[in-house]
C-alpha cells in the first residue's frame, strides 16, 4: 500500500505547476527595439495590467486583463528615431489588434516616455464580451516616466497612466531609451513611488486665516531650440489652481503663481510633439506639450502635466495630467495671442490660469513670432467697445433728429404780423 503522503504528491505538484503558470502570466517581459546595425536603442522590461470601461447593451462594463506573455514588438512600427525627424517608439501588439505604444523624447539631460497610447479592438469578444460597439478605439496620455540620460528608469511599484476610460498600470518596470550598447545602464532613476516616505511630521498647528489671493503672475519668455533652430516661443504668466484635501480633512483651493525668477526651463523639439518643461522653486515640475494636426496644419496645446509638493495636504505629492487638451490653437507658422486670462482645465482638481499668452510652436522663422491669430476672448472684448460706441452714436443721432424735427415744428407754428 502506498504511503498516505505519496498520494498527495501528484496533487501538490499539479497545484505548484498551476501556481507557476499563473505567476508566469503576470511576470515581467522584455521588449527590445534595434537599429539597422542590430544594436538595441530601446529596452523595456515590465508587466502591464489594463482596466477598460466600455459600453454594452445592458450598460457600462469594466474589464481588467494583463498583458499576455505572447505580446510581441511590432518591428515595422517601432523605431529608434531619426534626429530632428522622428522620435523613438516602442509598439507592442497582442490579441486581436491591440497595441500599446511608448513614444520617447529627450533633452540635454533627461529622456521620457512622453506619450503612451493604447489601441484596442472592441470586436474582440474574449476581452470585451457583449460590447455594443465593434470599433477600434485609441486613447493616449502624457506620462511621468522619465530618467536621466544614460540611466535606466526603475519602478517596482505600480506606475499608472490614465487615458480617458482606460488605465494602464506598469509593474516592476525597467525602461531605457537612447541606448548605445544593447544593455541597461548600471545607474538608475527611481520613480517617486519607490522612494522612502518622508518622516511623519508633528501635528500641524491650528490653521491660519486664509491667505490672500495672489496678484496676477509675472509674464516671462520661454523658448525651446533643437539642432534645426527654435521650435517653441512663448510669453506668458502662469498660475496654478489646485483643489486638495488638507491634513485636517478640510478641502481647500489654492492659487499658486509660477515665479519666473525661481524657475528654470528646458524642453525638446520633435517632428510631431514639442515640450516645455518648467522646474520651479525645487518643488514643482510643470510640463506643456504641443501637438500638431497635419491635415489642418494647426498646432495646439495637447497636454499638461504637474508634479508638485503641498506641505499641508494629506498627500503632499500632488500629481495631475491630461494629454487630450485642445487649447491655444493656431496655424503652423503663425502665433497664438490672448491678452485675456485663459483657464485651461486639466483635471477636476487642477487647472492652469494663463495670463497674456503669446505662443508659437513647431515652425518659428528667425526666432521671431509670426502673424498673430487673436483668441476669441480678445475679439469679443474688442467688439464690446465697438458695439457700445455704435449704440452711443445711434443715440446721439436720434436725439439730433428729434431736436431738428422739434425745431422745425416750432418755427412752423409762428404767424407773421
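Any Cβ shown, glycine's included, is placed from N, Cα and C.
Pulled from Swiss-Prot:
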DISULFID  41-80  disulfide bond
DISULFID  155-191  disulfide bond
DISULFID  231-269  disulfide bond
DISULFID  338-375  disulfide bond
CARBOHYD  37  N-linked glycosylation site
CARBOHYD  62  N-linked glycosylation site
CARBOHYD  76  N-linked glycosylation site
CARBOHYD  103  N-linked glycosylation site
CARBOHYD  121  N-linked glycosylation site
CARBOHYD  130  N-linked glycosylation site
CARBOHYD  165  N-linked glycosylation site
CARBOHYD  209  O-linked glycosylation site
CARBOHYD  223  N-linked glycosylation site
CARBOHYD  241  N-linked glycosylation site
CARBOHYD  293  N-linked glycosylation site
CARBOHYD  322  N-linked glycosylation site
REGION    184-221  region 'Disordered'
REGION    195-227  region 'Hinge'
REGION    228-382  region 'Second lumenal domain'
SIGNAL    1-28  signal peptide
TOPO_DOM  411-417  topological domain 'Cytoplasmic'
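Taking the region 'Hinge' (195-227) as a whole, pLDDT averages 69 in the prediction.
Across the structure, residue 121 (N-linked glycosylation site) and residue 269 (disulfide bond) place their CA atoms 32 angstrom apart. Between the candidate disulfide-bonded residues, 41, 80, 191, 231, 375, the densest Cβ environment within 10 Å is the one around 231. Sparsest Cβ environment among the glycosylation sites 76, 223 (other Cβ atoms counted within 10 Å): 76. For residue 293 (N-linked glycosylation site), the same-chain residues that are 6 or more apart in sequence and have a Cβ closer than 8 Å to its Cβ are 299, 300. Annotated pair residue 223 (N-linked glycosylation site) and residue 231 (disulfide bond), C-alpha to C-alpha distance, rounded: 8 Å.
Take the CB of residue 121 (N-linked glycosylation site) and look out to 10 A: across all protein chains shown you find 17 other CB atoms.
Residue 130 (N-linked glycosylation site) sits 12 Å from residue 62 (N-linked glycosylation site), counting Cα to Cα.
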